[in-house]
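Undergrad: Quick one: the structure is below, questions incoming.
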Amino acid sequence: MSGEVPDAAPASVDAPPVRFAPLREELTLLAGPALADGSPSWTLHDQVAGRFYRLGWLEFEILRRWHLEVPQAIATDVASNTTLRVTVDDVMAVSQFLALNNLLQRHGPQAVSTLMRQAEMRKPGFWQWLLKNYLFFRVPLVKPDRFLTQALPYVSWIFTRGFLLVTLAAALLGIYLVTRQWDQFRTTFVSFLSPSGLITGAVGLAVAKVVHELGHALTAKRYGCRVQTMGIAFMVMYPLLYTDVSDAWRLPNRRQRLAIGVAGMGAELTLAAYATLAWSFLPEGPVKAAAFLLATTSWIMTVLVNTSPFMRFDGYFLLSDLLDVPNLHDRAFALGRWWVRERLFHLGEPVPEELPVKRRNLLIALAFATWIYRFTLFVGIAALVYHLFFKVLGIILFLVEVWWFILRPPLNEVREWIRRRGTMTWNRRSATTAAVALGLLALAVIPWRSTVTAPAVLRAAQETEIFLDQPGRMDAVLVKAGQSVAAGQVLFRLSSPDLDYKLASQRQKIQTLQWESAYRGSAAVDPKRQRIAAQELETAQAELRGLEAEKAKLTVTAPFAGIMAEVAEPLSPGEWLPAKERLGLLLDPAHPMIEAYVREADLHRVALGDRGRFRPDQTVTSAVDGRIQDIDDTSTRVLSRRYLASTYGGDIAAREDSQHQLVPEESLYRVLIAPAKDTAPASLERGRVTLEGVRESLLGSLWRRTVAILLREGSF
C-alpha cells in the first residue's frame, strides 16, 4: 500500500505548515450504524450544543489522527495505514467542517470575540423571532431523566412479550364485547356535548398524550439514552406535549431508534386496548365516556397525525430511521430542487449526494409530497390566524403567513435560477421551459376572455309563490301541478274552528252592544256614556271585519291567470297547516325571464343590452338567447332562488342564517335577461348563462378580485 498523498496544489516551500487546533474535550465519538453501501459510520456527539454529526470512514480516520495537527502529516498517515486515498483537500474540508460547527478548541481574546460575533449573528432580531415563534414555540417543563432512571425498573414489565400478548388479548376481547353493544357504543359520543362531558374528554385526552410521551421517554431510557426535557409545544396556540429524545442518535442499532419513535403510538394503542375492554364494564358516567374517547378518537387522531412524514412528528423520525437518512427533509428538498432545475434547464449540475436510483427517486417524491402538504397546511393556518385574532392583527398575520411560508420559498428558488443564469445554455429543456413560460404569461396578460358565466334560472317574468297567511285545516285542494288557472280562481280552501269561534263570539258581542246602545238611546242616559258605548260598538265591528278578513284568507285564490307550476306535497283534506306554509308556485308562461347572479368581480364587464345565452342543466329545454334588461344596484343579501344554492345542488355557495334564509358567501348581483322568444317553462329551470362582456385578462381578473377582497375584509 502506497503511503504517498496526492496534493491538491503545490505548496510554497517557504510557507509555514498549517497547524490545526485540537478538538474540544467535550466531544464524544460513538460507533454508528452501517451506511447504505455497507461501510461503517460513526456519530460525533457535541454534548454542550446537544448536536450529533454522522461521520463516514474517511472523516473518522482523519479525526483519529487529528493530534498530528499538520494536514500533510494526517493525510500521509491515513494513506499509509488504510486503503483510503486521502488528499490534503480532504483534510482541509474536515477542518473547515469542524471550525464552522465550533468543534475545535479556541483560546485568547480573538477567539472569544469571534464566538461572540457568531452568537450575535445567529441570534434573530425581535421581529424575526416573533415571526418564527408566534405559530410554534416550546415551553420546557421538566427534566425527567432522573425520574425515568428510578421509575424504569418498576415498569420494565411493559416491555416484555407476556405483556404484549395480554394486551392483544384485551384488545380482541374488548372489540368482541363492543360489537355486542354496538348501538350503545355509537351513542356514547352524545355525552361529550355537555359541559361535564367536555371536561371529561379534555382530561382523557390529556392522559392519553402524557402516556404517549412517557412511551417515548421510557423506551429511550431503556436503551440508555438521556431524556433532557419534556414540555408543551404550542402550534397556533394549540397545546402539544413533546419529549426531547434527540440522544437516540447515539444508538447504532436502527431497530432501537425505530422502537423509540414508535413507542408513543404504541403506548396510546395499548391504552386504547384496555380502555375498549373497560368500557363494557364501567357504569354510565364520565369515566365510561373517557374510556370511549381513549378507545376511539384519541388513538385515531394520534395515528393520523404522527404517521405523516411531512412534518417533524413521529412519522418523520420513523421514516428517517427506516431509510437511515438523517436530516431527511433537508436532503430530500435538496434533491427535489436539483431535480426541478435539471428538468427545467438541464444545468448539468452534479447530484447533491450519490444514492441508489430508487432511494433518490423516493426522496424526490417525498420532497414534492411534503411541499404540497405544507402548502395546503400553511394556507389553512393563514386562514385560521386571520379568523383567530381581531381584524387588524388578523390581516397582518395572514399576509405575513402567506409571504413567509408560501411565497418566499418559491421566490428564493427563482432567485437561485437567476443567480445561475450565467451557467445556463440553450438546450431542448430550457427552450421548452421558456416556450411554456411565455405561453402561460400570454394566457395571463392577454385579454382573451370575453365571456362571463354565472348561475341562473329560467323562469316566468310574472310568478309568485303562494303561502298560507293564516293557520288552518285543509278542506279542499282544488288545483293540480301543471293546471291552468284563471285570475281569482279558488286554489285551496281551508277552515279554522278557532277562528269560527272567535267570529261567533264577536258577532254575539256586537249584538249585545247594539242592544245596549238602543236601550241607552231610549233612556235618559248621560251623553258621555252614550259616546263611550258607541265607540265600543265601533271597535267591536272593526275587530269583526278583521276576523272576517282573516277568514277570507283561508280561501286561497290565484292573483293572476297562469299555470300552477308546483303544488306542495303531500296536501290532503283534514291536514293542519301553520302560517307561512308554502302551498305552491303560480307563474305566467306568456313572458319568460332569465335571472342570473353575477360575481362582483365580473360586474364591470357586463352592461345593459349585452347578449347572453342560457343553457339549462337538464336537456329538456334548448339554449335560450336574450339581452340584459336590468342589473341590480346593490348586492344580493338573501338568495331567493334556493335551487341555485349549494345546499340544494346549485353553484352558489350559501349558508343558512338563524332565520333560515340563504345568505351568499360572496358578493353577487342579480342580472335580469329578457329572452328573445316569449316561451316560458312550465317550472323553474336551473342552469348557467354565458354573457358577452368586456374582454379581460386572467391577471387583471385576479388583481380585481384581490383588491375587492382586501377592500371588503379591510372594512371596519
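A Cβ is built for glycine as well, from the same backbone N, Cα and C atoms used for every other residue.
What TrEMBL records for this protein is below:
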- 530-557: coiled coil (COILED)
- 202-302: domain 'Peptidase M50' (DOMAIN)
- 154-177: transmembrane segment (TRANSMEM)
- 189-207: transmembrane segment (TRANSMEM)
- 227-246: transmembrane segment (TRANSMEM)
- 258-281: transmembrane segment (TRANSMEM)
- 287-305: transmembrane segment (TRANSMEM)
- 362-382: transmembrane segment (TRANSMEM)
- 388-407: transmembrane segment (TRANSMEM)
- 428-448: transmembrane segment (TRANSMEM)
Undergrad: What are the helix, strand and coil residue counts for the domain 'Peptidase M50' (202-302) according to DSSP?
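TA: Counting residues by DSSP class gives 68 helix, 12 strand, 21 coil.
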Undergrad: Cβ pairs under 8 Å only, please: of the recorded stretches 154-177, 227-246, 362-382, which one is richest in them relative to the transmembrane segment (258-281)?
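TA: Most Cβ pairs under 8 Å with the transmembrane segment (258-281) come from 154-177.
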Undergrad: Looking only at residues six or more beyond either end of the transmembrane segment (154-177), which have a C-beta under 8 A from one in the stretch?
TA: 218-219, 222, 270, 272-280, 295
Undergrad: So which residues does the coiled coil (530-557) touch in its own chain, when a touch means Cβ under 8 Å and the partner is 6 or more beyond its ends?
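TA: For the coiled coil (530-557), the list is 466, 468-470, 472, 488-496, 499-500, 502-503, 506-507, 509-510, 513-514, 516-517, 520-521, 583.
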